[in-house]
């Protein structure tokens, strides 16, 4: 036992024990509240302009009405980019302005606010529905391609080459709006407009329509018609020039027989196209180039397509053909690199098309694309921009660079077709329990084992079972190979497609999902009938063919990124699975836009997890059901 003098007594705290416990319990709740407020402010943060669609696509000019709160007060002159100096320095007071205001018209009120979730992510922007109704009434008058002032050979090629096998061929809404304007039949009698100094001397057009609406033919038909007309005019001028040169040559021979100067050879048209169509990817070069080549079989013009997937020798032979070239389909980077060494490539261009303009005028392509436009401005007559989505960044660029651009839009712009159904699968529920790969495989197995929803055609009895083709979109290209490998382990015929895939593999895979099956030939029908008679003549039951266990038959799946979401004409695809919820409504439109093409039905399925924005998916689904634009 220690002596009494050595024992140290504990010092009592001035704060009681209950107060200490209460203070420590309040600290975590404050931290949670601060983190929750940080997350909420992060959700409300506005996204970049390139990821948000413009609300004023169809409006030619913007006149914003300034609020009184912006004009008066201590902070009225802050954050201004323009001077806005009034001619009359005296301004009226708010009271006098309020007294002089006209009575408000309730019928002229603005529409209700945008969907809350879509507005939070700054998604697709609206066109006024009054404008949409006016466009509908205008295009209802056009019901046939015969109403367009086209050359007979061009009109015949639309039915025989561009849209073969269709009995009732009618122009789509964007074709009814764009073809007459691009043919200049509405502006024939108008005097040429005087342009201010610094403004481009060529005409500018913006074609904005929903996915799968025939935008390629909307600009290609007028271009081909113009090429043939220019060809006829040039032949007459060439004939006239040859006659004049022959007369001059005879006069020179008579006057100065020994002082005849040698004539310069005429400038060759090799490597000098009339029309250039720019697209962002090599896959779109192959698709658009094939459509251009198909029309040339009957209309007889020279076309070519070049991309980085081709060899240098083939690019040189295509572009610098001695016979010349009329229409060229390529990418901006390849064309810009060729123009540095061969500047005459852009010296004869009269029409320039930017297909998928929202990509070509994005941050990655904009410097090169604008450089090409400036180099062709000397001979350029028309600049045509074409896109299914108009982001705010593109709209702002066009209003500054081309304020007089003619905006040709359709009523269903920024809307997913109503013939496309959207389903939602919650992967948090049983039996998936958060396993996204398992949910994707189960959905594909359910679709593969189900019957075909479309009615059988007249050749169904002579054809084998139809192969179902499904697209699976992921947000990251690293996950494309992983998801495809997992699906193959579950007995599904799956392939992956991303920017890392080789060019040849990309062409082979896309060919299976873009080419619709042709009807069987007469020989195939005869062989199928003969085989059917032989099977019926056997008196006993034939042994069934052994099937591999756990293999899903007659189903092909392509796991891809946004490389296949823009412009690819996937007519053979009837189902799209969104493995992840898209980041923006722009991606929603382009991914689900692989369905519902050429008035066909389609089905989209979204896999929604714990951290996904279910409110966005819900409002997109409601907007699709109502047929409204995703604004």
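Cβ atoms are placed via backbone N, Cα and C, with glycine included.
Annotated transit peptide per Swiss-Prot: 1-39, in sequence order, evidence recorded as sequence analysis. Taken from Swiss-Prot, the feature region 'Disordered' applies to 55-111, 181-200. The compositional bias 'Basic and acidic residues' annotation in Swiss-Prot covers 102-111. Sequence annotations record features per position, and here Swiss-Prot assigns domain 'Helicase ATP-binding' to 196-408. Annotation comment: Swiss-Prot describes 209, 210, 211, 212, 213, 214, 215, 216 as ATP binding site. What Swiss-Prot records for 355-358 is motif 'DEAD box'. The annotation domain 'Helicase C-terminal' is assigned in Swiss-Prot to 442-631.
Location within the structure of each feature annotated in Swiss-Prot.
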| residue | record | Cβ contacts under 8 Å, 6 or more apart |
| --- | --- | --- |
| 209 | ATP binding site | 172, 173, 174, 215, 218, 388, 409, 410, 412, 413 |
| 210 | ATP binding site | 388, 410, 412, 413, 414, 415, 416, 417, 589, 593 |
| 211 | ATP binding site | 388, 416, 589, 590, 593, 594, 596, 597 |
| 212 | ATP binding site | 417, 569, 593, 595, 596, 597, 598 |
| 213 | ATP binding site | 172, 173, 174, 388, 410, 412 |
| 214 | ATP binding site | 171, 172, 174, 175 |
| 216 | ATP binding site | 288, 291, 355, 386 |
Same-chain residues near the motif 'DEAD box' (355-358), Cβ under 8 Å, at least 6 residues beyond its ends: 206, 215-216, 219, 277-280, 284, 288, 385-387, 389-391, 394, 566-567, 586
For residue 216 (ATP binding site), the three-state class that DSSP assigns: helix
For the motif 'DEAD box' (355-358), the number of residues DSSP places in helix, strand and coil: 2 helix, 1 strand, 1 coil
Shell list (ATP; ref centroid = CB of 209, 210, 211, 212, 213, 214, 215, 216; cutoff 8 A): 172, 174, 218, 388
DSSP-derived structure type at residue 209 (ATP binding site), helix or strand or else coil: coil
C-beta crowding around residue 215 (ATP binding site), within 10 angstroms: 24
